[in-house]
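**Q** The structure under discussion is supplied below as C-alpha cells; questions concerning it will follow.
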C-alpha cells in the first residue's frame, strides 16, 4: 500500500512544482515586490557582503521559484534581491540586483 501511495505522490508533487503560483510567495520573498522588468530572486551573496550600493550581479542568483527547490523552500534572510529579467523571463546575469529589505 505504501508503494502505491508513493507512486501516486510523485506525479502530484511534480505537478505542484511545475505550476508556479505568482500570488503565493514563500520564504524571504513574502510580501516583496519588484519593479516592472525585475523578479524576486534568492542569491548566494548576502546583501551585507555586497558592494557599496548593496548590489550583487544576477549570475549569483536564482529566480525565487527555482531557488526554493534547491534551498528547501527557504531563502536565507538578507539573500533576497530584485533582479532585472530578460524578455523571456530569465535573469539578466550581467545586471546588478537590488536587495529587498525585510
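Cβ atoms are placed via backbone N, Cα and C, with glycine included.
For reference, Swiss-Prot lists these features for the protein:
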| type | residues | note |
| --- | --- | --- |
| SIGNAL | 1-16 | signal peptide |
| DISULFID | 34-82 | disulfide bond |
| DISULFID | 42-75 | disulfide bond |
| DISULFID | 43-61 | disulfide bond |
| CARBOHYD | 46 | N-linked glycosylation site |
| CARBOHYD | 65 | N-linked glycosylation site |
| DISULFID | 83-97 | disulfide bond |
**Q** Give me the CA-CA distance between residue 43 (disulfide bond) and residue 83 (disulfide bond), in Å, as a whole number.
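**A** Residue 43 (disulfide bond) to residue 83 (disulfide bond), Cα-Cα distance: 10 Å.
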**Q** Spatial neighbours of residue 83 (disulfide bond) among the disulfide-bonded residues 34, 61, 75, defined as Cα within 10 A: which are they?
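**A** Taking 34, 61, 75 one by one, the ones whose Cα falls within 10 Å of residue 83 (disulfide bond) are 34, 61.
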**Q** Sorry to bug you, but what's the C-alpha spacing from residue 61 (disulfide bond) to residue 42 (disulfide bond), rounded to the closest Å?
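**A** So the Cα of residue 61 (disulfide bond) lies 6 Å away from that of residue 42 (disulfide bond).
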**Q** Fewest other CB within 10 angstroms, which one of the disulfide-bonded residues 75, 83?
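**A** Among the disulfide-bonded residues 75, 83, the lowest count of other Cβ atoms within 10 Å belongs to 75.
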**Q** Rounded to a whole number, how many Å is the Cα of residue 75 (disulfide bond) away from the Cα of residue 97 (disulfide bond)?
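**A** A Cα-Cα distance of 15 Å.
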